[in-house]
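Enquirer: First the structure, which I've put down as structure tokens, then a few questions once you've had a look.
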Amino acid sequence: MRSTRPAGRSRPWPPPSSTTCWPRTPPRPAARPPERRAPGMSPLIAWIFSVVAAVMLFLHGLAAFTEEVARLGGERLRDALRRLTRNDVTAALTGTLTTALVQSSSAITSMAVALAHNRTLDARAAFGVMIGANIGTTLTAWLVALQIAGLGPVFVSLGGLWSLAGPRPWRAYGKAVFYFGLVFLALDLISQALAPVAQRVDIAEWQALLQSPALALVFGAVLTALVQSSSVVTGVAVLTVQQGLLEPSVAVWLVAGANLGTSSTALLTGTALDARSRRLALLNSGFNVLGVGLFATVLQPLIGQVLAAALPPARQVALVHTLFNLAAALAALPVLPYLWPRLQRWLQRGEPD
């Protein structure tokens, strides 16, 4: 059979028509120049620095507030410690009130050790002040749990204006208000920095590290000894509960550990003084161990009821913190008159008559 292909030049067959579409290779897109990212740090590093910066702001704000209050009423504060510590109960109440005012149990316990060293304060009265200081420091947890941290900018603004434009004799009080607001502004910044972490799905792995009560207790004690402030650890513990990062049942053990770690400040103060002051600081540590022992044994049924109550989780932690410090004080104060003669002989061991 002959081909019907016409002779002549070689042409594609069948001839292309307007309706025939041949597959064509699409044009290759032009190569884009590599994107240049603006110099900066990774999101993780930026988040870590934001949390650390907020914690440092909290620490320095709290230290400045404590120093400002001590400077304003330093001599009156010492006079109050001398005059209002005539018996164990009034000594504990004085320690509670002064710690709530100064917002630092470490400062009050260190002051009590120093006053006892100078014989300005009797050792028994100093120990009573230390017992009350543990109760007074629970105010920080309540302020955070009640979300007063949101008022931080108000105190910073009013205190800053007062310290700059107020009457000169009253400007120091404005500075105290400014630093007080700075503490809670820092807590607000910590809360904002922790909020995105609660949305991560792998947070359960991190939470599992602190599920052991003993590990949470040790972690709280070590962290408090490092930062030298139980208020920081308890405040952050309450904030992490508010953000859903920690369960209240774990946070209460962190707070109990903070009660142990706060003894380190008095111990450091005692090392620079005489043997009597060191033993008084050790006595304070023993009292804190007693409180944690009660927390871990006798108080567990009550703590379980608090954690099961219809309260916001942050308030559950603050309430447990208050209850076990009150329980330790109520356990120590009635037996102190009977134990003190032996404790006093131990405190005065090796001293000249």
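Using the three backbone atoms N, Cα and C, a Cβ is placed for every residue, glycine included.
From TrEMBL, here are the annotated features:
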- 1-11: compositional bias 'Low complexity' (COMPBIAS)
- 1-36: region 'Disordered' (REGION)
- 44-65: transmembrane segment (TRANSMEM)
- 91-115: transmembrane segment (TRANSMEM)
- 127-156: transmembrane segment (TRANSMEM)
- 176-195: transmembrane segment (TRANSMEM)
- 215-238: transmembrane segment (TRANSMEM)
- 250-268: transmembrane segment (TRANSMEM)
- 280-299: transmembrane segment (TRANSMEM)
- 319-340: transmembrane segment (TRANSMEM)
Enquirer: At a threshold of under 8 Å on Cβ distances, which of 91-115, 250-268, 280-299 pairs most often with the transmembrane segment (319-340)?
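Expert: Stretch with the highest Cβ contact count: 280-299.
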Enquirer: Report the listed stretch (91-115, 127-156, 215-238, 250-268, 280-299) having the maximum count of Cβ pairs within less than 8 Å of the transmembrane segment (44-65).
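Expert: Top-ranked stretch among 91-115, 127-156, 215-238, 250-268, 280-299: 215-238.
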Enquirer: Ranking 127-156, 215-238, 250-268, 280-299 by the number of C-beta pairs under 8 Å to the transmembrane segment (91-115), which range is first?
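Expert: Of the candidates 127-156, 215-238, 250-268, 280-299, 127-156 scores highest.
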